[in-house]
């Protein structure tokens, strides 16, 4: 086989799956978002007709207070949660890769462990630590006079943020560690010969060289934030603060499967995807600009 | 990124670290020796402070797991009546776990096997496809290379949940919803794996090695299956692990696709049990026991796979 066809043969299975499970659904979502379904008969028993609706669904979604609230809620959530998580992941990665850390393998495993616990099960676990009567944490805080309602309408967003941070900090840390390990040892040797201290090594060698990994983790975290679904969905039965349109994704799910409005659900899905796209592109752009300055 | 890579120049590779203090371990791997040569000269107080921080952080990550282990041993009354951080009055771990395994006619073992099927099969094939494509993008010059990468990158940025709804429509058209395939097929795609494979392939596979193999008359497929896959083992383990866990953790896709409880993965099944705790308190203990059982296999997997995280990803190849 000549090299000309080789890359295409290697890429074929991936690209076919990509087209079928990614591109095709996106096209369908976009088409669907411009359609509206009209049912005939009293309960729609005479069948349904799709008609072109233009931007109706988008206008309806963007003027829906619940949906815009859910987007703003995720923005507030993302700014706080992603920042805290990425800073924590970076510090933990640098500490574990530093010369001063004892038993790095053990700690790495402990921090990464939550990533192996599905979001749903993590939420169930943490919910046991949130529910008054069951939670030893609520009990302990009560003894020292602090009354917290982790599932109250104002607190629950940050209780979710805690679950997400708990689940993904170790995962992001591992991506950063992988890139730290890829830094050739001779660079450290050279820095040592030049008399660079540990802090100098962090700021001049490690942080610049792990920038690609940091961008990767930030972008995936932003996308993850916009996709938030399992945690609030599971907690919604325990918290009065979570309605069926608490996050953009919960809203799209509710429109698709509870309200049977596929046009609206698709429009919301497209808006979520576009938002993820724009935010990630912005993150990449900022990173590139910073990269050129340094 | 290029600024500091230039400094490596032509250093004599003495990473064996024979004379470095602290290199007392039997087999000094290059990565380990490099880190231990850096260990020399750090103050003990720094070590104590750093380790203390690491321990405190570890407690945070382990608290929910500890809670579930302790409380899986309790009766339902003790679950609510005794301190959640310590054992209750009765120790009935094994009868609790027995209940988990036999409740609903053995639903839990079935969900576990389903999860294993989705994750195992999905991860192996997704990894193979992603590594092949990532290697092709990293190591071949062909028209459209950058366009394809940009396209796939665009795909990575699209939330999985945004595609799950329309995918449900596609699958329902061809009658695939509520089957194993409806969860398995989307799990075979790992754009993230392609991403990692491309990064590592461009760093870890020297063009000289590929050229030499081509000179020897090896076919491209043979080169991929023998030389490339072996060089990429660290990346492959990473992709396998991540994809396995990603499928294992997936909730939205099976929730959308599956109606039949028999096809549920653990995530959906366990949440089903939890949802019943409102009416039937005995489901609390089933949920706690089920959570424990579903945490254990992945905990073991992660600890066992720890050793694969050791060593640099570019180890053992020509640096460049």
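FYI, residue positions are counted from 1 along the chain as it appears here.
Just so you know, glycine gets a Cβ as well, placed from its N, Cα and C.
Per TrEMBL, the stretch carrying the note transmembrane segment among B:4-25, B:26-47, B:48-69 is B:48-69. Cross-referencing B:94-115, B:116-137 with TrEMBL places the feature transmembrane segment at B:116-137. Against the transmembrane segment (B:149-171), stretch B:183-206 has more CB pairs under 8 A than any other of B:48-69, B:116-137, B:183-206, B:227-248, B:283-305. Sequence-distant contacts of the transmembrane segment (B:48-69) (same chain, at least 6 residues past either end, Cβ-Cβ under 8 Å): 84-85, 288, 291-292, 295, 299.
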